[in-house]
Amino acid sequence: MQPQRDLRGLWLLLLSLFLLLFEVARAGRPVVSCPANCLCASNILSCSKQQLPNVPQSLPGYTALLDLSHNNLSRLKAEWTPTRLTNLHSLLLSHNHLNFISSEAFVPVPNLRYLDLSSNHLHTLDEFLFSGLQALEVLLLYNNHIVVVDRNAFEDMAQLQKLYLSQNMISRFPLELIKDANRLPKLTLLDLSSNKLKKLPLTDLQKLPAWVKNGLYLHNNPLECDCKLYQLFSHWQYRQLSSVMDFQEDLYCVHSKKLHNVFSLDFFNCSEYKESAWEAHLGDTLTITCDTKQQGMTKVWVTPSNEQVLNQGANGTVTVSEDGNLHFKEVQVEDGGVYTCYAMGETFNETLSVELKVYNFTLHGHHDTLNTAYTTLVGCILSVVLVLIYLYLTPCRCWCRGVEKPSSHQGDSLSSSMLSTTPNHDPMAGGDKDDGFDRRVAFLEPAGPGQGQNGKLKPGNTLPVPEATGKGQRRMSDPESVSSVFSDTPIVV
């Protein structure tokens, strides 16, 4: 019994030693010492000011902060480190001579959050240069020689919050990076000061939210003087935005090769800036934004009657959306007034006042009024044209009259206006004279110079003897005579 018990104990001892050796072999890994000319403190590796031409090899995998500033590095290749530094969150490469960075240089450091490339010799930011840094929050590129910035250089950098590009030679920056909220959604600071910018998309800049404009630095650029530029910066000054308030003296523009401060009203002769109110018509749908200088703030709206808008206003048309904006379903006249937005954050509070003017008519009804007035005006013009056509273009009946025969040499003529109830008949045309009504009534008018008014003779004048005419022939009226309607002597023929 005793030998078997000893044998069993021996086997247990050997098994324990084997398991111990296996665990040691599995957990064992090469220990990397601190590189030469570097200072290691826990997970911080400092190799600054060592005149290094290349990055030290065999960097410890636990490194969280790597300082390579103030050296002689000129190129950052894809294989600059053979070790994948997944714990590295800060990389300092400032004050070197870097003029080339590979598009795959940041693949070994996918969790980098802070990258300092300032004070180098970079000229171009190529396409997808920083696209592998999806966790990067701060990028320093100031004091380089950057001229060209590709619009896709900062692709897939959803966590980027601060981008420093001052003291370069940039003449055009792709501002669509900040206009499109999906490109760099968390960007709160963009420093483009001390560059070569001459023109700005002023209309697009006005539409940016206040928290973007608050961190958009544009001072010390040779901007072209313009009243719209003054209006833009005056609005930022009115809102107390840091990008203007901190550098008012450095905001200048160029006119006739001379520098002028943007706020020089005497020189610009620009109208003074006044904050405009929101305008709406009856029945309009309107959304008023609480344009705060910081993101993620809690917003509370107060109506002109000093009532807090919780979910729905007193008249049932005003609500507050999830993003803190004031929404009007159908604007009413009583909705007009000054609304106040109280924004509260962890370290900053802000109060905004917005005036709403409501016009007491619908926009559609206003167009109907204009259409009615236009139709009335057109109708009046057409009426005047028709009257003018009737007066000046109506055919004259005298055009259709035949040429009258001249009167006889005695001047005897029968000037009459025939008034008859039946058509004229020739009495000698045959048939019985009693078969039809052939009685004519005429008012004779004096034809000669010896007659006075109403057929009476003037003193000293004689009535001329008329010349006999053929049987059945009518006398021609004298064209020089007056119409017989003024005669008072009826004659039955």
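Glycine is treated like the rest: Cβ placed from N, Cα and C.
Database features, via Swiss-Prot:
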type     : residues : note
REPEAT   : 62-83    : repeat 'LRR 1'
REPEAT   : 87-108   : repeat 'LRR 2'
REPEAT   : 111-132  : repeat 'LRR 3'
REPEAT   : 135-156  : repeat 'LRR 4'
REPEAT   : 159-179  : repeat 'LRR 5'
REPEAT   : 186-206  : repeat 'LRR 6'
DOMAIN   : 221-272  : domain 'LRRCT'
TRANSMEM : 373-393  : transmembrane segment
REGION   : 405-493  : region 'Disordered'
**Item:** Structural state census, the domain 'LRRCT' (221-272) (DSSP three-state)
**Value:** 20 helix, 10 strand, 22 coil
**Prompt:** For the repeat 'LRR 3' (111-132), what is the mean per-residue pLDDT, to the nearest integer?
**Reply:** 95
**Message:** Checking distant contacts: for the repeat 'LRR 1' (62-83), what same-chain residues at least six beyond its ends satisfy Cβ-Cβ under 8 A?
**Reply:** 43-55, 89-102, 104-105, 107-108, 116
**Item:** Which of 111-132, 135-156, 159-179 contacts the repeat 'LRR 6' (186-206) most, counting Cβ pairs under 8 Å
**Value:** 159-179
**Message:** Can you work out which residues elsewhere in the same chain, 6+ from the ends of the repeat 'LRR 2' (87-108), have a Cβ less than 8 Å from its Cβ atoms?
**Reply:** 43, 48, 61-78, 80-81, 114-123, 126-130, 132-133, 140
**Fill in**
Same-chain residues at least 6 beyond the ends of the repeat 'LRR 3' (111-132) with a Cβ under 8 Å from one of its Cβ atoms are 69, 86-99, 101, 103-104, 138-150, 152-157, 159, 164
**Message:** DSSP-wise, what's the residue breakdown of the repeat 'LRR 3' (111-132) into helix, strand and coil?
**Reply:** 0 helix, 5 strand, 17 coil
